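To start, the structure under review is shown below, and the notes come after it.
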């Protein structure tokens, strides 16, 4: 009874911890998206400089990652050669900077709710680019599912009250660059046995992003900022915004480390619905029935995709366990045969 009680207590504790990590991640992800929208939107804080905002985030995150890894030694650094850094980390940093730049730019033109609907295309982009780079095998049923997600997003776009072509181009570009980055992480790093958690990733990638973003910033935003003499750096706004961005990376580290990447995907779906509700009720963005119907279709496609991934993961795990069991059984048989042969030779002697 006591043992059973302690077991159920430990299981309950694990479940509660998992839900806590999920709740923290949803809250921080939600906060960063709404905060970025608030800063960049011309009707709110009115600071429409997405490259500058991304550079502030990267400077802050790179500094804190350096402190966490090198000064406080809370996270183990990854051994990284110069060749590996230039051949693998640098292109990933370039894609990440483009993804962040374009996704932050989209907040100036599109509503939070519509951006979340467009982000539902991420599995489609990751799968398509994975097939292109031969990291994923082409499967007809998966492609049909991808088309259903795309159809849902197209319907949602058709029903969008504040449709802006340039904003949609920016967000789709951000999705494409982010999907390519995720596939390249598998090709350039994971295939070489190198795993970067969100903190070590920021340590290596954030400085690259700063360098890549500096070039467009000099030509696009710096001249405008220089002319805007009334602007003063608000340490409270940009400091708390940057801290939320860094805290989000820590939350990803905790969530994936203590649960799984699939849990984060499922939590992401919950977060998207919450953001759509918040965008409609608080920011007063227009969400039409066609919007919701289209996103509902896309949501079903994404849910099925996550379910299929989970089943494939379970199948792989069960095959691995079966293989281990067969190997153990084979060893036992060999040991028995060896013992039997030894006894025979002893009896003959």
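Backbone N, Cα and C define each Cβ position, glycine as well.
Bear in mind that the values here come from a model prediction, so they are computed numbers and not experimental data.
Predicted-model confidence for the domain 'Sugar phosphate transporter' (20-306) is 90, expressed as mean pLDDT. Per TrEMBL, the feature domain 'Sugar phosphate transporter' maps to 20-306.
Per TrEMBL, region 'Disordered' is recorded for 315-349.
Per TrEMBL, transmembrane segment is recorded for 16-35 (among others).
What TrEMBL records for 47-72 (among others) is transmembrane segment. Within its own chain, the transmembrane segment (47-72) is flanked in space by residues 36, 39-41, 97, 100-101, 104-105, 107-108, 199-200, 202-203, 206-207, 209-210, 213-214, 216-217, 220-221, 224-225, 231, 238-239, 241-243, 245-246, 249, which lie at least six positions past its ends and keep a Cβ under 8 Å from the stretch.
Here the transmembrane segment (84-102) has long-range neighbours at 50-51, 54, 57-58, 170-171, 173-174, 177-178, 180-181, 184-185, 188-189, 192, 194, 204-205, 207-209, 211-213, 216, meaning same-chain residues at least 6 beyond its ends whose C-beta is under 8 angstroms from one of its own. Feature annotation from TrEMBL assigns transmembrane segment to 84-102 (among others).
The transmembrane segment annotation in TrEMBL covers 108-130 (among others). Tertiary proximity for the transmembrane segment (108-130) is limited to same-chain residues at least six positions away from its ends with a CB under 8 Å from its CB atoms, namely 33-34, 37, 40-42, 48, 50, 136, 142-143, 146, 149-150, 152-153, 156-157, 160, 162-164, 166-168, 170-172, 175-176, 178-180, 182-183, 186, 272, 275-276, 278-280, 283, 285-287, 291, 294-295, 298-299, 301-302, 305.
Per TrEMBL, the feature transmembrane segment maps to 142-159 (among others).
Under 8 Å from some Cβ of the transmembrane segment (165-189) lie the Cβ atoms of residues 87-89, 91-92, 95-96, 98-103, 105-106, 108-110, 115, 118-119, 121-122, 125-126, 128-130, 133, 135, 157, 195-196, all in the same chain and six or more residues away from its ends. Sequence annotations record features per position, and here TrEMBL assigns transmembrane segment to 165-189 (among others).
With a cut-off of 8 Å between Cβ atoms, the residues of this chain six or more beyond the transmembrane segment (201-219) that come close are 51-52, 54-55, 58-59, 61-62, 64-66, 69, 77-78, 80, 85, 89-90, 92-94, 96-98, 100-101, 246, 249. The annotation transmembrane segment is assigned in TrEMBL to 201-219 (among others).
Residues annotated as transmembrane segment in TrEMBL: 231-255 (among others). Within its own chain, the transmembrane segment (231-255) is flanked in space by residues 21-22, 24-25, 28-29, 31-32, 35-36, 39, 45, 47, 53, 56-57, 59-61, 64-65, 197-199, 201-202, 225, 263-264, 267, which lie at least six positions past its ends and keep a Cβ under 8 Å from the stretch.
Long-range Cβ contacts of the transmembrane segment (289-306) within its own chain (Cβ-Cβ under 8 Å, at least 6 residues beyond either end) map to 113-114, 116-117, 120-121, 123, 142, 145-146, 148-149, 151-161, 262, 265-266, 269, 272-273, 276. Taken from TrEMBL, the feature transmembrane segment covers 289-306 (among others).
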